[in-house]
Amino acid sequence: MKTLILLSALVLLAFQVQADPIQNTDEETKTEEQPGEEDQAVSVSFGDPEGTSLQEESLRDLVCYCRSRGCKGRERMNGTCRKGHLMYTLCCR
């Protein structure tokens with residue numbers, strides 16, 4: 001049973017890769033070469049718009065960036081960002 005689940009997951013992954021091929025274009029190369037482009041501010045929103053006051057206080061000062069080279073200083077990794085076919089690290093402080 002575990003083998004069937006594993007094979008199904010691999011087949012689904014293969015279909016996803018074929019449906020979303022990675023293309024090496026000049027645009028992607030230009031994006032990687034520009035140092036100012038690696039730090040992009042991201043608006044992060046969680047849950048219900050009427051959230052509790054405790055949640056509002058803790059999320060009010062949350063600032064996140066999509067970084068290509070990892071998090072800096074007091075930031076910590078909170079996931080990934082995607083811009084086109086490029087994946088970045090979501091760093092929040």
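Any Cβ shown, glycine's included, is placed from N, Cα and C.
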Of the candidates CYS91, CYS92, which does Swiss-Prot name as forming a disulfide with CYS71?
-> CYS91
For the disulfide involving CYS81, grab the partner from CYS66, CYS92 as Swiss-Prot records it.
-> CYS66
Would you mind ranking the disulfide-bonded residues CYS66, CYS91, CYS92 by how many other Cβ atoms sit within 10 Å of each Cβ and giving me the lowest?
-> CYS92
Integer Cα-Cα distance in angstrom, CYS64 (disulfide bond) to CYS71 (disulfide bond) | 10
